[in-house]
Structure formats: structure tokens, C-alpha cells
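**Student:** Straight out of Swiss-Prot:
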- 3-23: transmembrane segment (TRANSMEM)
- 54-74: transmembrane segment (TRANSMEM)
- 79-99: transmembrane segment (TRANSMEM)
- 118-138: transmembrane segment (TRANSMEM)
- 161-181: transmembrane segment (TRANSMEM)
- 197-217: transmembrane segment (TRANSMEM)
- 238-258: transmembrane segment (TRANSMEM)
- 262-282: transmembrane segment (TRANSMEM)
- 290-310: transmembrane segment (TRANSMEM)
- 341-361: transmembrane segment (TRANSMEM)
Amino acid sequence: MTQIIIAGAVSFLVAIFTTPVLIRYFSDTGRGQEIREDGPKSHLRKRGTPTMGGLAILAGILVAYVVAGLYGLLTGHEAFTASGLLVLGLTLGLGAVGFADDFIKLFRHRNLGLNKTAKLISQLVLALLFGFLVLRFPNDAGLTPGSTKLSFIRDLKTFDLAVGGTVIGTIVFLIFMYILIAAWSNAVNLTDGLDGLAAGVTAIVMGSYSLMTFWQFRYSCATNFAAGCYQVRDPLDLAVLAAAGLGGCLGFLWWNAAPAKIFMGDTGSLALGGLVAGISVTSRTELLMIIIGALFVIETVSVVIQIVVFHSTGKRFFRMAPIHHHFENGGWAETAVVVRFWLLAAMAAMAGVAIFYGDWLTASGIGVGA
């Protein structure tokens, strides 16, 4: 537990003190966010706001993971595990893609940033590499960081992507990894449209995963082989990463809350999407993440609906997509949209954690007959 607290605290401190350094640098050099002319008119005042604040979040996560890991090694706990390093690598890799996108926008003055093909190929390479490696590195019990079985709270034995054999199964799994990682990274990116929205929602999701992965560690089959135990390779290291993500988002949110003094940019949003995807895969909760991260799902679905309806009928289903802009254009203040969406995200996360805990009660036999 101390290791997890250290990760959250260190990440928060690094992010909260690094962010103003970025604000000063980008303000002094006159490099700031461009604002869409077709967006909400109230957003035009944000033109020139410093961006790439995701660097502070990533710095917090990286430093916290190393510090907490060193503490873990000194105290005899697991640290720098295959699961943790793979998730961290995915997070930093997608952060690098986002950084390239932001860099081109700010320093090369190309408003569209990294072209779609380059971004697509970069995400594809990272997803395939993560998917390939996550099925390697078995521990003494034969557990790998990921599994070809679809997982809700535990692996679903009836839904194995490798049912067609090793070769076909691996191909199907890699395709699934790409869809999953691209979906979550782009979902967080779409949510990052209002001051504090993406950082706040991600903090809620990471807080939930800090609790759940710690619970998986406490009742791991590796140390406590009993009814209801969890077959997860490195739950404590995942809890450390989730806590680091929570701390980093909160430290950044201090400066990103309305009126934002800095935006996270694609550097932050793509990286945090990778963190969400990676932890869901390695904690064996890919499907549960749909509930816990429901706000991200809603934002993404609203864009899909808008595109499909517009191409089918020539009319818009929402005033503007993603859906947070729909409410803005309907007269809601930006802060009202953000706080209400935080509340929705918190309710979804609580529902997910409740389902997770309810499953443990049932699987362990404690909830039987209650």
C-alpha cells in the first residue's frame, strides 16, 4: 500500500511543479494552441493558451514509477515487472506520437499536425508491439501479462480469441489490441475539449483502477490461492502505475482547471488513452473498462452518431460533436458541462468498482446466501 501512495504523491508533486515551468516556457516563446473557427465561439478566447502539458503528466508518471519501484525493491515487493513496463512503454510511446503531433502544430506551424497516415501507422506499430509482447514473459506460474481470452472481471473461458489455433488466434488478438488501443487513445483525445474535462475523468478512472488492482494484489492466486483469487500477473505494479496516473492528472488539473492556463495536448491525451488501454488488458478487465470509462465511450459514440447521421441525411444529430460541445452550444456554461460530466464519470466508475467487488463476494463465497 505504501508503494501505491508513494507513486500517487510523487506523480502529483512532479506534475504540479513541472506544469508551471511549461506554462512559462510556452508563454515566453509565444507558442500556443490554435482554436477551430467552427468550434464554440466562447473558445476563441483560448487561442494562444500553452499546450503540450501532457509532458508534465508523463514526467510525473515516469518519475513516480521509478521512485515507487525502487522503494518496492528495497522493501521486498514486486517492481519493474513485465506488465508494468509494457503498460509504461505503451503510454510513453503514444505520448511520443502525440508529442510529434503537437510539435508540428506549434513549431512547424502546420495546424493539422501529424498527418493521419503517420499517426495511424504509429498507433498500429505500438499496438502490434504491445499485443505481441503482452503474451510473452510468463512468470513461474505460467501467467503472462495479457491473455487471448476476453476479460470482464476475470478471463471469460468461453471467449478465447485463440480458439482457431495459435497462428490465427495471435492475428485476431493483435487486431483486437489495435482496435482497443486506438479506441481508448482516441476516446481520451476526443474528451479533451473542455478545461479540465479529460484530466478529471482520467483521474477518476485511474483512481478506480488503483483500488481494483490493489485488491487483485491482496487476493492474488500467487499468494492467496483461495476461492475468488485473481489470475493477474503483476497487480501491485499495475496499482502503482494507476496511482501514478491519478497523481499526474490531479497535479496537472491544478493548472488545467477553468480557466485553463495550459492544455495537455495530444501528448497527454494519447498517452493517457494508452495508459487506460494497457491497464485494462494487463488487469484482465477490458470489458469492465467500458463501464468504468463510460464517459469516454459516450464522447466517442456521439462523434460516430454525428458522422453516420450527417452522411446519411445531411443533417446533424447533435448541435456539435463530441457531445460536450452539444451542451455548450445549448447554453450550458463550460464549467457546468465539465463538473456534470465529472459526476457522470464518477457514477460510472463507482458502478464498475461495485460490480468488481460484487464479483469477488460471489466468487469467494462470502456473498452466497446473503
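Note that Cβ sites are derived from N, Cα and C of the backbone, with glycine treated the same way.
Each of these features: where is it, how hidden is it, and who are its neighbours?
**Tutor:** Sequence-remote contacts of a segment are chain residues at least 6 beyond its ends whose Cβ falls under 8 Å from one of its Cβ atoms, and for the transmembrane segment (3-23) they are 50, 52-53, 55-57, 59-61, 63-65, 67-68, 71-72, 75, 77, 79, 210, 214, 236, 239-241, 243-252, 254-256, 261-262.
If you look at the transmembrane segment (54-74), the same-chain residues 6 or more away from its ends with a CB under 8 A from one of its CBs are 2-4, 6-15, 18-19, 22, 80, 84, 88, 91-92, 95, 98-99, 199, 236-237, 240-241, 243-245, 247-249, 251-252, 264-269, 271-272, 275.
Through the fold, the transmembrane segment (79-99) approaches residues 3, 52, 54-55, 58, 61-62, 65, 68-73, 114, 119, 122-123, 126, 130, 133-134, 136-137, 139, 144-145, 181, 185, 233-234, 237-238, 240-241, 265-275, 277-279, 282 of its own chain, all at least 6 residues removed from its boundaries and within a Cβ separation under 8 Å.
Sequence-distant neighbours of the transmembrane segment (161-181) (same chain, 6+ residues past either end, Cβ-Cβ under 8 Å): 90, 94, 123-124, 126-128, 130-132, 134-135, 148-150, 273-274, 277-278, 280-281, 286.
Within its own chain, the transmembrane segment (197-217) has Cβ neighbours under 8 Å at 1, 4, 8, 57, 188, 191, 230, 232, 235-236, 238-239, 242-243, 245-246, 249-250, 252-253, 256, 264, 268-269, 272, 275-276, 279, 283, 285, 289, 292-293, 295-296, 324, 337-338, 341-342, 345-346, 349-350, 352-353, 356-357, 360, counting only residues six or more beyond its boundaries.
Away from its own ends, the transmembrane segment (238-258) comes close to residues 3-5, 7-20, 23, 53-54, 56-61, 64-65, 68-69, 72, 79, 83-84, 87-88, 194-196, 199-200, 202-203, 206-207, 209-210, 213-214, 216-217, 232, 264, 268, 272, 275, 279, 282-283, 334-335, 338 of its chain (Cβ-Cβ under 8 Å, at least six residues beyond either end).
Residues 153-154, 194, 197, 200-201, 204-205, 207-208, 211-212, 215, 219, 228, 285, 288-289, 291-295, 298, 324, 367, 370 of the same chain, all 6+ positions outside the transmembrane segment (341-361), place their C-beta atoms under 8 angstroms from a C-beta of that stretch.
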